[in-house]
Amino acid sequence: MSSGFTKSLAMTFVSEIGDKTFFAAAILAMRYPRRLVLAGCVSALIVMTILSATVGWAAPNLISRKWTHHITTLLFFGFGLWSLWDGFKEGGGGSEELAEVEAELDSDMKANGKSTKDKTEDENKKQKRPFLTQFFSPIFLKAFSINFFGEFGDKSQLATIGLAADENPFGVVLGGVVAQLVCTTAAVIGGKSLASQISERIVALSGGMLFIIFGIQSFLTSVDA
């Protein structure tokens, strides 16, 4: 369990720092109450981590553990090379990524603003309020949905699935949740100033080396079929 926890903690941390969901949390925290943004973002990432680990845990029951081990090893090497390539391509800071995410959120807010101009229509919407918004704040749901769907197909999600197939899933979930909590809290509290100072190149290179190390370790570990 300790191995799964350590690997998941390190892998998730380097994957999420400077990620789109990290920048989205920082920007949302500047516009809405921090506690709601933090709750929404962390809840989404915890749910995604648990789902990914569950898929990884179920994988050895569908195909042999030997094959899942080989696939996980290839994933680590693949993600490592991918991250290193991104690191060599990227510029020095995260300002471009931050601006891109901010532009996406701005366009989304403008689209929502246009749809609420008509007061009569707004009243009708209140009467036909969606089921979830009767129990959760719209800000919480916005932060949740942005982070949840932003993680689909992400490198960290796929790596979590592979890691849970090869390590103790409870340790993987615990390590991932702790890392997500630390990263998201830093984004919400630090805000835009912290996000803009992050070096995407250093993060990508560090993540790439970490994935390569995990790949080598996995390659040298023998697993019975």
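Backbone N, Cα and C atoms are what each Cβ position is placed from, and that goes for glycine too.
What you are looking at is a predicted structure, and each value in this text was computed from that prediction instead of being measured.
The annotation transmembrane segment is assigned in TrEMBL to 36-55, 67-85, 131-150, 170-190, 202-220.
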Which listed stretch (67-85, 170-190, 202-220) has the most C-beta pairs under 8 A with the transmembrane segment (36-55)?
170-190
In the same chain, residues at least 6 away from the ends of the transmembrane segment (202-220) whose Cβ sits under 8 Å of its Cβ atoms read 7, 10-11, 14-15, 17-18, 69, 72-74, 76-77, 79-88, 90, 159, 166
For the transmembrane segment (67-85), the distant same-chain contacts (Cβ-Cβ under 8 Å, at least six residues beyond its ends) come to 59-60, 155, 158-159, 162-163, 165-166, 204-205, 207-212, 214-215, 218-219, 221, 223
